Amino acid sequence: MMRWRTIGLMLAVLGLGGCASTGGMTSRPAQLPDATRSQVLVMLRVAPPHLHATNDYVGDYASTPDETARKHIAQKLAHQYGLQLIGGWPMPALGLDCFVMQAGPGLSTQQITRTLSQDARVESAEPMQLFHVLGKGDPLYPLQPTATQWHLAELHTITTGKNVTVAELDSGVDVSNPDLAGQVAQTQNFVDDSAYRAEMHGTEVAGIIVAREGNGVGIAGVAPHAQLLALRACWQASSDDAAASCSSFTLAKALQYALRSDATVFNLSLAGPRDRLLERLLDAALARHITVVGAVDGAATDGGFPASYPGVIAVADEHTEPVTIEGALRAPGVDVPTTQPGAHWNFVTGSSFSAAEVSGLVALVRELSPDITPTQLHDALNAKTALGLASMRPAMIDACAAVARVSESCTCDCATANASLTVPRR
């Protein structure tokens, strides 16, 4: 049952630990967007015997002679092409080391990446891309009946997301909020070398997915018994504004970490341009039957990346128009109550939060059917697909029907629960 308290307890936001170590490769503090736009990513291939990085990348992999040799190659490349080597990170999921290099004034990153890509020492190169989160805070309007629309109380009698881990790639999450205490399995910082910090957008998304139920305060998450990996890949520019930015590099590091975890759901409430490195990491996730949920960007002609990438579950809120992604879904995303840093709650609006709702719903489905494939899961969420109808416009998700198609029983008002869909069950 979703609950709301308009005045939170005035608790101080805690500075949190859990910063990811880069081992032998260092990562400098996050650059401002203007500097990031003049950076390039350079990939060097790793020999197969050395693809054994630990989760925090500390150990033999980070200190091998080959790693030192690759860093030396990166330094030589930077010197040869007039670049500054900023940092690097191993990507064992792709068999690569990824290095960040800064171009000087007047240098074209497009031309530099073309030149680097032709160098025999380089596996690939691409310009650094910038991404942004897709949500904004709204005044406190009357509470929207999100819990009523999805019948969460009824659904929680058969599934709560237990034994499912969701990786949230976002800005920092405040694990001290009473609704998030004990809900976050791990925090990691992929933005810089400073301590993990609590930020607005990441905390808002986290609350929608996994906020505690039955604790007498705040809200209940869609999947309150799921575990959350809070992977800080985005940074908040202003303390009083939830807007946050991410880069190709910070997102790639977080995706690599998530791939080596036990997370079976990746939440990406953000959007930006197509990015080849991130596409390759998403391919690795989808090949492992990990469900990737992306927020639709209505301002982008293609709906934004990664939502527009094949295999990703694209989610828009009720008001996002136009939605050009075939098979996109809609979920509640207007005036959604959720957690904020400190013991605070607020209403938020945007497809970021619709995506978070769906990530929570995916966790509910995955508890019932751990071996479900991304395609089967998308079909379970999409009433039009289940009924054999064309999906030319985004379908509003019927959560009860989606769970019923997997559980083969209906605990609430399931408009399309009888639609046939065969999925593997526990």
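Glycine is treated like the rest: Cβ placed from N, Cα and C.
If you check TrEMBL, you get these features:
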- 1-20: signal peptide (SIGNAL)
- 161-383: domain 'Peptidase S8/S53' (DOMAIN)
- Asp170: active site, charge relay system (ACT_SITE)
- His201: active site, charge relay system (ACT_SITE)
- Ser352: active site, charge relay system (ACT_SITE)
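Feature map: annotations from TrEMBL on the structure.
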| residue | record | Cβ neighbours (10 Å) |
| --- | --- | --- |
| Asp170 | active site, charge relay system | 28 |
| His201 | active site, charge relay system | 30 |
| Ser352 | active site, charge relay system | 32 |
Length of the line joining the Cα atoms of Ser352 (active site, charge relay system) and His201 (active site, charge relay system), in Å: 9
Euclidean distance between Cα atoms of His201 (active site, charge relay system) and Asp170 (active site, charge relay system), Å: 7
Stretch-averaged pLDDT - the domain 'Peptidase S8/S53' (161-383): 94
